[in-house]
């Protein structure tokens, strides 16, 4: 039976239904316990990073190598024809798609990944982040980590803290968890960085419970997952950044009264929104979360590039 993700573009987490999300997570769990070092042997995957990245790029490229595929690409678009000669994104994608079996792409412009799919022919495009819009593979590793630590993706109490306006990770994760049952959201952010109205409207339309809060401590005892984010300096003007950067900081003392199963997650990089004393608590799970990116991205690439996959 052909898997439903074969040759499918993965641009938004909304491109995947609940059953497809669960397929990716099952595949990720299988690859974590039973590596498949030749699964994508002879495949070539382009890693096209038009925006700076450390974890996402290295995680993708490690995933590609561990599946036996080859990787080509760039991590600095200023040295490409697009950056130096003014080539359009459309032409860049049209050419790259003739070289490779799949394209992994990060771009600072919202909608760029969707645009790329119009010029990639039959070559699937995987969005590694487009501006403040979507970051679907981060969401897949977040879901994998939540399931790994909680044993479920239904009936989760999750708080999202910090930059909820520009943070594409929280946008995608909110949309993904809304596909499951009984989840409850606690949003903790300064007014200037509040969760976008369209996401709150989506939750309300689905009858999903959410609430807005001014402090972390007031909700900690109710939580299964505490999802911290940094204030994104690169997306704010200096005066706005100075006003909000230290408004919500998690310290170990703030976790007094937490349930035993609570895990603190963060898409990283961490700046100063989680103090290092949290690292020593049993609740910290952000480094393991980052490591899970290998398995989530391996799973997605394996499914996108294999018509039939049974692990």
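Including glycine, each Cβ sits where the backbone N, Cα and C put it.
Feature annotation from Swiss-Prot assigns carbamoyl phosphate binding site to 55, 56, 106, 135, 138, 268, 269. On its own chain, residue 56 (carbamoyl phosphate binding site) has 106, 128, 129, 135, 137, 138, 293 as residues at least 6 apart in sequence with a Cβ closer than 8 Å to its own Cβ.
A helical conformation is recorded for residue 168 (L-aspartate binding site) in the three-state DSSP classification. With a cut-off of 8 Å between CB atoms and residues at least 6 apart in sequence, the same chain places 129, 130, 131, 132, 133, 134, 135, 138 near residue 168 (L-aspartate binding site), listed in sequence order. For 85, 168, 230, the entry in Swiss-Prot reads L-aspartate binding site.
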Between residue 269 (carbamoyl phosphate binding site) and residue 230 (L-aspartate binding site), how far is it from one CA atom to the other, in Å? 8
Using DSSP reduced to three states, classify residue 268 (carbamoyl phosphate binding site) as helix, strand or coil. coil
What's the CA to CA span in angstrom from residue 55 (carbamoyl phosphate binding site) over to residue 230 (L-aspartate binding site)? 15
State the count of C-beta atoms found within 10 angstroms of the C-beta of residue 230 (L-aspartate binding site), not counting that atom itself. 18
Just going by other Cβ atoms within 10 Å, which of the binding-site residues 55, 106, 135 has the emptiest spot? 55
Just checking a number: largest C-alpha distance across 55, 56, 106, 135, 138, 268, 269 for the carbamoyl phosphate site, rounded to a whole Å. 16
Within 10 Å of the Cβ of residue 269 (carbamoyl phosphate binding site), how many other Cβ atoms can be counted across all chains shown? 9
